[in-house]
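Before any comments, here is the structure.
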Amino acid sequence: MSDDSLPAPAPTRTAAVIPAAGRGVRLGPGAPKALRTLGGTPMLIHAVRALAASRAVSLVVVVAPPDGTAEVKSLLDAHALPERTDFLLVPGGESRQESVRLGLDALPPGYDIVLVHDAARPLVPVDTVDAVIEAVREGAPAVVPALPLADTVKEVEPAATQGEPEPVLATPERARLRAVQTPQGFDRATLIRAHETVTDDVTDDAGMVEQLGVTVVVVPGHEEAFKVTRPLDLVLAEAVLARRRLNDGF
Ligand code: C5P
């Protein structure tokens, strides 16, 4: 039998889950973080557009604050989003981990690659999204974009009271450390197994996959994929947007 008679392999389809159900207390009082605006547009809409900008992403699942699902629905309806992308909206949970799991539960069959992307990283460039997807397509079960650190990092014994001096326990070698970003990309079955198996509180999905003993690989991240966490990050995000507008104008 010649190769021509074999059916073509089914294309791998990619979905993105965007947890956006956090309150973002470190930003100060106000609306849930994902609904705060940057350049007049909610952070969540920037994040959704950033993922939908990849031609490989055909479904985006937005995980909304449980008491803000109707508001998020009207935001998604009110902003232009690519027509080739499907959207789903689900209410989130108490922790980021629970919100991601609720997003995974809503995924229809047929998506073999799943990206998980924080709404709090609204400015991730499409090239970073595509690089993560490419590495999963090439066979890595879990992929995280990451950057080398500028600061030296100390491990400390955390003080009981904030602001008290904290004894240093160790100084890991900076050249071996990476600060990880999102979107993190996964073989769907591996990510689902991680969420079924790991119950410890973790801050990223790749950490859960590591606990399964599965190898996670790092690809280069991007400085514009930073997480908007503190008030100064909003200033930086506005500056990045202003620079993009200026560049687009020429
Ligand atoms: O709090 P942190 O910045 O680590 O949150 C990362 C992402 O997880 C944010 O996009 C936030 O909206 C989301 N999150 C969530 N559900 C929670 C807590 C956080 O979807 N209960």
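Note: Cβ is positioned from N, Cα and C throughout, glycine not excepted.
Copied from TrEMBL, the annotated features are:
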SITE      Arg26  site 'Transition state stabilizer'
SITE      Lys33  site 'Transition state stabilizer'
SITE      Arg174  site 'Positions MEP for the nucleophilic attack'
SITE      Lys227  site 'Positions MEP for the nucleophilic attack'
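Between Arg174 (site 'Positions MEP for the nucleophilic attack') and Arg26 (site 'Transition state stabilizer'), the C-alpha separation comes to 26 Å. Annotation for Lys227 (site 'Positions MEP for the nucleophilic attack'): same-chain Cβ neighbours under 8 Å, separated by at least 6 residues, are Asp118, Ala120, Arg121, Gln181, Asp233.
If you draw a 10 Å sphere around the CB of Arg26 (site 'Transition state stabilizer'), it holds 12 other CB atoms from the protein chains shown. Cβ neighbour density within 10 Å is lowest for Arg174 among the recorded sites Lys33, Arg174. A Cα-Cα distance of 9 Å separates Arg26 (site 'Transition state stabilizer') from Lys33 (site 'Transition state stabilizer').
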